[in-house]
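K.L.:
Per TrEMBL, the features are:
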{"type": "ACT_SITE", "residues": "Cys340", "note": "active site, nucleophile"}
{"type": "ACT_SITE", "residues": "His812", "note": "active site, proton acceptor"}
{"type": "BINDING", "residues": "Cys206, Cys209, Cys226, His239", "note": "Zn(2+) binding site"}
{"type": "DOMAIN", "residues": "182-290", "note": "domain 'UBP-type'"}
{"type": "DOMAIN", "residues": "331-850", "note": "domain 'USP'"}
{"type": "DOMAIN", "residues": "638-679", "note": "domain 'UBA'"}
{"type": "DOMAIN", "residues": "713-753", "note": "domain 'UBA'"}
Amino acid sequence: MQRAALFRGGDAQMAAGDLGELLVPYMPTIRVPKSGDRVYKTECAFSYDSPDSEGGLYVCMNTFLGFGREHIERHYRKTGQCVYLHLKRHVIEKVPGASGGALPKRRNAKLFLDLETSSDLNSDDFEYEDEAKLIIFPDHYEISLPNIEELPALVTIACDALLSAKSPYRKQEPDSWEEELQASKHAKTLLQLDNGVRIPPSGWKCSKCDLRENLWLNLTDGSVLCGKWFFDGSGGNGHAMEHYKETGYPLAVKLGTITPDGADVYSFDEEEPVLDPHIAKHLAHFGIDMLQMQVTENGLRDNDIKPRVSEWEVIQEAGVKLKPMYGPGYTGMKNLGNSCYLNAVMQAIFSIPEFQRAYVGNLPRIFDYSPLDPTQDFNTQMAKLGHGLLSGQYSKPPVKSELIEQVMKEEHKPQHNGISPRMFKAFISKGHPEFSSNRQQDAQEFFLHLINLVERNPVGSENPSDVFRFLVEERTQCCQSRKVRYTERVDYIMQLPVAMEAATNKDELIAYELKRREAEAARRPLPELVRAKIPFRACLQVFSEPSNVEDFWSSALQAKSAGVKTSRFASFPEYLVVQIKKFTFGLDWIPKKLDVSIDMPDFLDISHLRARGLQPGEEELPDIAPPIVIPDDPKALDIDESSVMQLAEMGFPLEACRKAVYYTGNLGAEVAFNWIIAHMEEPDFAEPLVIPAFGEVASSGAAALGAVGLDNQPPEEMVAIIISMGFQRNLAIQALKATNNNLERALEWIFSHPDPEEESDPALDTMDMENNANANILAETGSEGPRIKDGPGRYELFGFISHMGTSTMSGHYVCHLRKEGRWVIYNDLRVCASERPPKDLGYIYFYHRIPS
């Protein structure tokens, strides 16, 4: 069938009397959405087409998946489904009234789709109007809706249920990011008393109990009162709620959450967090300018920092008129509510040619071989996102035709540029307690999470993530015996410490700190910010220097001793990702950020950091494992408390965190996090750590890390961790078996056995396949080691991600990329030519190898 014939107009519309007979053959394929069914009526599964798009959206009446005009034929051919609900939203000019203005209409009179709208809906010049039709393939018969009289009852019920279905991204869990905040019914008509109250930039406290944390500003009368008490002992005395009960003033904003992007607002009347579309106006009533607000470490804000000093303004290039960019590669991404970390990382990822080729270049093949539900396929969602960012279809300059300007004013015309990555985020964050939430996250952690998923879902013989992978050589030396051990590990990011002691403006910093403390004590406006200036070479020097090894056990002495470790590059990656370790923890375990300026170079040469291996005259430490010591008191266990606290701050029970760190051998919070994910459904997940008897240590320890299969099959969690590092599954199993399921020793075993046995146990292979359906998830490369792309250590900067705020749990991310010879800023939906790229304030930097 020709495409033109398939999408012809209403000439195929059936007579009313024939509708029932026409639908009879398709009745078995028409389903009524049930509780738990997800109805994708706002977005195509393969593109970012929606009912707002020119061709509208086709929703399958059997699977409830949505498809744009370009992809509907693919689904029809693949599934044979014939009946679709076609949804289209039109933007039409309002009918002029007698006085020349727009004729008033009943609000949302012709708006029945549960789609995102903006303030454009209330424009004086135009309005939205929704249209729904039943389309029957392959002849493209159209049945306009509503048509209750002629349609079979089942079809009518199915259509009504589909049209009234809620967003598929809303869940029951209150902490899930898909639980979208709704605009408060009080926001538009909120009463604000003209009582002269002005809120100072700092020094707040509850007006009833003098508490200085968890404070809420009532948006009606300006009262500052404490919130409710929490189970962990934090919070307040509930005075904000008492005030609502006494006055009925419904909305309050949490002090300490106000940023240029919004604030946390709670409705006492609606008993839930809400959106306040007019929050800027409501705050301005009390003298608060949102555009000048920024977070401080204890939840306070200061809004009197001078322009061009605040990192919010410098990084976002505020105060400079930026030229919008349009076309392929210049597509913005909507912020879904603290999803700027995802937006920034994905913009950087899809600026890399290897990722473009892997997903966008293979797009037809990926789509053709996607599962019946493409919303649950990683490669499909990556290809969809890449095409959305790179095609230019969703980044078109505004039309400047005089005729269109006459019909609807240019400044009010609704723009649909940019993409909303809801489907992508829903899939990529599924099962992850942090990324599936609505909270701000660490862009570096999300980058590693993404790389892990790329590794597990290959699109060909090569994974695009190979460009980031490199080997790190770690040289550990016993300070007493002088003997050394060389090991290698896989990494994807160079973590560069901040050399604060090397600041070049120490005198200014000391003077500023004194003035700041004096101002806080006197409750005066803070002095102009002085940012520490750190030379990049000093940070690189700290990275290359030896560091002490805590609780080092020397196999030469058969006892604990002092040890030092030095890291070098055993290979240099094609793309070097450098993270500036700005985030740290205070003595009270409150996350903090070092507000520093580092002169990051455009051209970077780290060739001098190339690993050299065992040197003449060096003697290796014996390959002897430390003895197993079981203390009588479980509290005396050697558990890395810093890792425990990192996990506990994510919201996991403290005892579960202790068990995770213990059973993963103190290998760090990331490894322990994987243990938590694998065991959080177990009934004893939060029970105190119980140490087994001496004879049970090996078996119990292994069992704790995962279900051990027949013949002492290694735990799947450990196997998955090693696979995620780039090794093949059979090598991971062999290494774990050779080291009694000790993860750290297994990694050492892999690097010390470059040519493992090629023979495999058929029984083990069979058991492998039964235990893991994704046994062949990594592409065969002919090498048992990790795939690396070694080369010279000379690089050029092409992008960086910056963070604004005081910790990874708050703030905002933007991305700067160098494209076509100039820098471009990607600030969620806003994509503009950069005039002053703040390269000294970045958090994650992306370098590309310079060809030799």
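Cβ coordinates come from backbone N, Cα and C, glycine included.
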K.L.:
State which of the following recorded positions has the fewest other Cβ atoms within 10 Å around its Cβ: Cys206, Cys209, Cys226, Cys340.
P.N.:
Cys209
K.L.:
Using other CB atoms within 10 angstroms as the count, which residue among the recorded positions His239, His812 scores least?
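P.N.:
Comparing Cβ neighbours within 10 Å for the recorded positions His239, His812, His239 has the fewest.
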K.L.:
Across the whole of the domain 'UBA' (713-753), what does the mean pLDDT come to? Round it, please.
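P.N.:
Summing pLDDT over the domain 'UBA' (713-753) and dividing by its length gives 72.
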K.L.:
In whole Å, how far does the CA atom of Cys226 (Zn(2+) binding site) lie from that of the residue listed as 'active site, proton acceptor'?
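P.N.:
Cα-Cα, rounded: 26 Å.
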K.L.:
Reported as an integer number of Å, what is the Cα distance between His239 (Zn(2+) binding site) and His812 (active site, proton acceptor)?
P.N.:
31
K.L.:
Give me the DSSP three-state residue breakdown of the domain 'UBA' (638-679), ordered helix, strand, coil.
P.N.:
29 helix, 0 strand, 13 coil
K.L.:
Using Cα-Cα distances with a 10 Å cut-off, which of the recorded positions Cys206, Cys209, Cys340 are near the residue listed as 'active site, proton acceptor'?
P.N.:
Cys340
K.L.:
At the Cα level, what's the spacing in Å between the residue listed as 'active site, nucleophile' and Cys209 (Zn(2+) binding site), rounded?
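P.N.:
Cα-Cα distance, the residue listed as 'active site, nucleophile' to Cys209 (Zn(2+) binding site): 37 Å.
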